[in-house]
Amino acid sequence: MIKKTDAIYAAPLQEMIDFKFDERVVAVFPDMIQRSVPGYGMIISNIGILAAKYAQAGSHCYDLGCSLGAATLSMRQRIKEPECDIIAVDNSPAMLERGRELLARDAAAAVPVTMICADIQEVPIENASVVVLNFTLQFIPPAQRPELIERIYAGLRPGGILILSEKIAFSEPARQHFHQELHHDFKRANGYSDLEISQKRSALENVMIPETLACHQERLKSAGFSSVEVWFQCFNFASMVAIK
Ligand SMILES: C[S@@+](CC[C@H](N)C(=O)[O-])C[C@H]1O[C@@H](n2cnc3c(N)ncnc32)[C@H](O)[C@@H]1O
Ligand SMILES: O=C(O)C(=O)C[C@]1(C(=O)O)C=C[C@@H](O)C=C1
C-alpha cells in the first residue's frame, strides 16, 4: 500500500471539530505520528528493547491505546521469554481493523497477540510484566488517570514495568514556550504549514491534556512504583519507565 500523507488540517476549516481517531486519521496515521512526535521511531524501537529486558515467562504484555500496533509489533519482534503473549487494546474500531490487517502481515514472530476493541479503563490488567501507554494517557480525562495507573500497578508482577510516553507540559511559562516553539519548528521542518499546526492544536485542545513530568512522576510514585526513570525526552515529548 502507498503511504498516505497527512493533510487533514491543510485546508481552512469552517468549524473546529474535536480530534478523533476515525477512518480519516487511521488512513494517514503512520505519517501523522512520525511527523508530529519527535523521536517516535526511536521510542517504538526502544519499547521492543525494554520489553525484551523486562518481559517475564508466562506473563501478559499490554499495549494500551495500541492504534495500529506499532509498539506491539516492536515488542513481538524482541520478546524471547517463553509463554508470553501481548494484549493490544484500542477503542477506535477503525484503528483496530487496520491494526489487525498489519498484524496478519507480520506472521513470522512467535509471540501470540490478541487485539481487543475496548476502553482501556474497562479492560482487566492481570499477571502483567510489561504495560505500554505510548501517547495514550494524555487522551484519558485527568481525573480518571490515577485509577488507571493504580489498576496497572495492581496488575503488574513485582519487577514488572509500565512504559509511559506523553506530550508534556511545563509549569514555568518560559520553558513551556521554549519547548512548544521547538515542537512547532519540528512540525514545520516535517512539512506542516502554520495553518495545519494551529488547526490541529485547536482540535486537540479539549481531548488531549498534557501534564508536567513532576505530575506524572508523583502519580506513579503514589500508585506504588518503586522507581520512575525518564529514559527519553525531546522538546515537549517524554517517555518514562516505572518499575514495580
Ligand atoms: C496517539 S495514539 C497512540 C499511539 C500508539 N500507542 C503508537 O505507539 O503508535 C492514541 C490511541 O489511544 C486510543 N485511545 C484513546 N482513549 C482510549 C481509551 N479510553 N481506550 C482505548 N483506547 C483509547 C486512540 O483510539 C488512539 O488510537
Ligand atoms: O501535539 C501534537 O501536535 C500532536 O500532533 C501530538 C499527537 C500525539 O501526541 O498523540 C496527537 C495526535 C496524533 O495521534 C499524533 C500526535
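Every residue, even glycine, has its Cβ placed from backbone N, Cα and C.
Site annotation for S-adenosyl-L-methionine in TrEMBL covers Tyr40, Gly65, Cys66, Ser67, Asp90, Asn91, Asp119, Ile120, Arg201, and the matching candidate from Asn134, Asn190 is Asn134. Following the DSSP three-state reduction, the secondary structure of Cys66 (S-adenosyl-L-methionine binding site) is coil.
Selection of the binding-site residues Tyr40, Asp90, Asn134 by a Cβ distance under 6 Å from ligand 1 yields, in sequence order, Asp90, Asn134. Of all Cβ atoms in the shown protein chains, 20 besides its own fall within 10 Å of the Cβ of Tyr40 (S-adenosyl-L-methionine binding site). Residues listed for S-adenosyl-L-methionine, Tyr40, Gly65, Cys66, Ser67, Asp90, Asn91, Asp119, Ile120, Asn134, Arg201, cover a largest CA to CA span of 25 Å. For Cys66 (S-adenosyl-L-methionine binding site), the same-chain residues lying six or more positions away in sequence with a CB closer than 8 A to its CB are Thr72, Ala88, Val89, Asp90, Met95, Leu96, Gly99, Met115.
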